[in-house]
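Enquirer: Got a structure for you, questions after.
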Amino acid sequence: MDEELNVTYMITLDGHVEVHKYRFLYFIIMFTVYILIICSNSTIVYLIWTHQNLHEPMYIFIAALSLNSVLFSTNIYPKLLIDFLSEKQIISYQACLVQYFMCYAIGGSEFLLLSAMAYDRYVSICKPLQYPTIMTKTTISIFLVLAWLVPACQLVASATMSANQKLCGFNLRVIFCNNSIYKLHCETSRTISVYGVFILLNVALFPMLFIVFTYAKIFITTYRSCKEVRKKAAETCLPHLLVLINFSLLCTYDVIIVRLESDIPKLARLFMTLQITVYNPLFNPIIYGLKMKEISKHLKRLLCQNKMK
């Protein structure tokens with residue numbers, strides 16, 4: 001390896017808008033959002049962990065998604081808050097790769113967890129008699145392990161290849177490290193590009209197609225069933241679909257930001273990036289807390305207990 005590749009390069013994160021003028025306002029707003037994300041998602045995990053009637057596959061996957069939101073936010077927000085109070089918004093290339101790795105590994109696991117939830121709903125609604133034998137503790141554990149390990153293992157190779165690339169650029173028009181790190185490389189690597197498409201297909205496109213196909217089967221089955229079955233399907237599937245649509249749109253934002261970077265005004269690009277960091281982690285627990293009947297019931301009890309104290 002060339003000696004140049006062993007040098008610690010500092011990357012400037014140039015996606016901020018008038019950060020020197022509004023640094024304290026940005027800090028207060030984003031710190032408040034971060035606390036809300038941690039508290040709301042931790043509450044969902046706590047409720048599922050402590051109540052025996054929530055120890056079912058669907059709720060376990062919801063807890064895993066909430067844990068993902070905490071991990072994703074912790075990967076982004078502490079560095080973001082430090083940048084707001086710093087004179088220069090910089091990050092080492094190695095740390096940038098770690099942030100990039102965590103961002104997309106967690107994002108990939110999100111799609112796989114949503115796929116597992118879709119399959120769980122399919123078996124529950126379309127094959128109710130076989131549900132206990134199919135969705136066992138072993139099956140759930142396998143789904144969870146695969147959801148977290150498959151994207152992580154694939155992203156390790158991508159991050160390693162990027163670490164071995166020579167850099168010619170040191171400026172990113174973003175507020176955290178994402179796919180735009182490839183624009184720092186002196187040469188576009190065909191291997192990295194092809195492998196990136198392979199990862200995208202494996203952890204995003206194929207799972208999304210599987211989810212769409214699964215819910216289509218569910219809706220066809222429930223359409224032919226009685227009103228009570230349709231109501232139950234709507235209550236459990238609607239929150240999942242809302243989360244899937246939100247997350248898919250945010251992933252589309254991420255692609256747009258990277259591909260059309262030079263054509264998007266800085267303020268619009270910042271706003272789109274903030275959608276990724278705020279919308280999904282903050283609103284997922286709200287969707288599940290309000291739309292999932294059992295979680296909503298335990299949440300109301302918890303809030304009432306706190307008020308009585």
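Cβ coordinates come from backbone N, Cα and C, glycine included.
TrEMBL lists 24-49, 58-77, 97-119, 140-157, 192-216, 237-258, 270-290 with the feature transmembrane segment. Taken from TrEMBL, the feature domain 'G-protein coupled receptors family 1 profile' applies to 40-288.
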Enquirer: Kindly say whether the transmembrane segment (140-157) and the transmembrane segment (24-49) touch, using the definition of 3 or more Cβ pairs under 8 Å where each pair is 6 or more positions apart.
Expert: no
Enquirer: With the transmembrane segment (58-77) as the reference, find which of 24-49, 97-119, 192-216, 237-258, 270-290 contributes the most Cβ pairs under 8 Å.
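Expert: It is 24-49, which has the most Cβ pairs under 8 Å.
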Enquirer: Who are the chain neighbours of the transmembrane segment (192-216) in space, where the CB to CB distance is under 8 Å and they lie at least 6 residues beyond its ends?
Expert: 104, 107-109, 111-112, 114-115, 118-119, 121-122, 150-151, 154-155, 157-158, 161-162, 165, 179, 182, 237, 240-241, 244, 248, 251
Enquirer: Which bits of the chain, at least 6 residues beyond where the transmembrane segment (24-49) starts or stops, bring a Cβ under 8 A of a Cβ in it?
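Expert: Distant contacts of the transmembrane segment (24-49): 55, 59-60, 62-63, 66-67, 69-70, 73-74, 77, 80-81, 84-85, 278, 281-282, 284-286, 288-289, 295, 298-299, 302.
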Enquirer: In the same chain, which residue numbers or ranges, 6 or more beyond the ends of the transmembrane segment (270-290), come under 8 angstroms Cβ to Cβ?
Expert: 15-17, 33, 36-37, 40-41, 43-44, 62, 65-66, 69-70, 72-73, 76-77, 80, 174-176, 239, 242-243, 246-247, 250, 253-254, 256-257, 264, 296, 299
Enquirer: Using a Cβ cut-off of under 8 Å, list the residues of the same chain at least 6 residues beyond the transmembrane segment (97-119) that approach it.
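Expert: For the transmembrane segment (97-119), the list is 58, 61-62, 64-65, 68, 71-72, 75-76, 79, 91, 143-144, 146-148, 150-152, 154-156, 158-159, 162-163, 176-179, 181, 199, 202-204, 207-208, 210-211, 214-215, 240, 243-244, 247, 251.
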